[in-house]
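Straight from TrEMBL, the features:
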COMPBIAS  9-21  compositional bias 'Basic and acidic residues'
COMPBIAS  22-74  compositional bias 'Acidic residues'
COMPBIAS  79-90  compositional bias 'Polar residues'
REGION    1-90  region 'Disordered'
Amino acid sequence: MVVYKRIRKESEEKKREKGVEEEVEEEEEEEEEEEEEEEEEEEEEEEEEEEEEEVEEEEEEEEEEDEEEEEEEKEIVSPLSSSSPCMKNC
C-alpha cells in the first residue's frame, strides 16, 4: 500500500512537471510567433517608408525637370520678345 501511494505520488508529480513543461513550451512558442510577427511588421513598415521616399524623390525630380523646362522656355521667349521691333513698338 505504501509503495502504491509513493508510485502514484511520483506519477502525479511527473504529470505536473510535464504539464508545466508543456505550458512553458507553449509560452515560448507564442513568444517566438509574436517576435516573428513584429519582425514582419517592421520589415513591412521599412518597405513602405522606402517606397514613400522613392515616390518623394521622383516627385522632386519631376518638379526640378518642370522648373528647368520653364526656365528654358523663358530664356527662349525672352530674347525673342526683346529683339522684335514689333514687340517694342506695340
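For all residues, glycine too, the Cβ spot is worked out from N, Cα and C.
Since this is a predicted model, take the numbers as computed values, not measurements.
For the compositional bias 'Basic and acidic residues' (9-21), the DSSP-based tally of helix, strand and coil residues reads 13 helix, 0 strand, 0 coil.
With DSSP classes pooled into helix, strand and coil, the tally for the region 'Disordered' (1-90) is 87 helix, 0 strand, 3 coil.
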